[in-house]
Amino acid sequence: NLVQFTYLIQCANSGKRASYHYADYGCYCGAGGSGTPVDELDRCCKIHDNCYGEAEKMGCYPKLTMYNYYCGTQSPTCDDKTGCQRYVCACDLEAAKCFARSPYNNKNYNIDTSKRCK
């Protein structure tokens, strides 16, 4: 679910950047999404949005689905073996890892999406 996603983000980036920094970034990080992603980090969010869309097609509720994960010393892992929990955790895990390896550009935080996301 979205709360667990914030914890996975923190785990994947070793607490270097608070998860709220990703809530209003670029064209796809946060609610909604349109246009062309502004950078690599924004592409991570678009992929995550698409993954949630696929989960919904499977009958899952990704924003609400609780799952089991482990925040290890190397990187987080998903513990569920089947179903929506496994799929949604995988969506969140891949996005969190993508965030951790992608540069963060302060200029792409809280942008005017009506102008830059066409």
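Even glycines carry a Cβ here, placed using N, Cα and C.
Of the cysteines CYS27, CYS29, only one is given by Swiss-Prot as the disulfide partner of CYS117: CYS27. Of the residues proposed, ASP39, ASP49, the one Swiss-Prot records at the same Ca(2+) site as TYR28, GLY30, GLY32 is ASP49. Checking CYS71, CYS89, CYS91 against Swiss-Prot, the residue bonded to CYS78 by a disulphide is CYS89.
Swiss-Prot records a disulfide bond between CYS98 and CYS44, which is the match among CYS11, CYS29, CYS44. The disulfide-bonded residues shown are CYS29, CYS71, CYS78, CYS89, CYS98; of these, the one with its CA atom nearest the CA of ASP49 (Ca(2+) binding site) is CYS29. GLY30 (Ca(2+) binding site) and CYS84 (disulfide bond) have their C-alpha atoms 22 Å apart, to the nearest angstrom.
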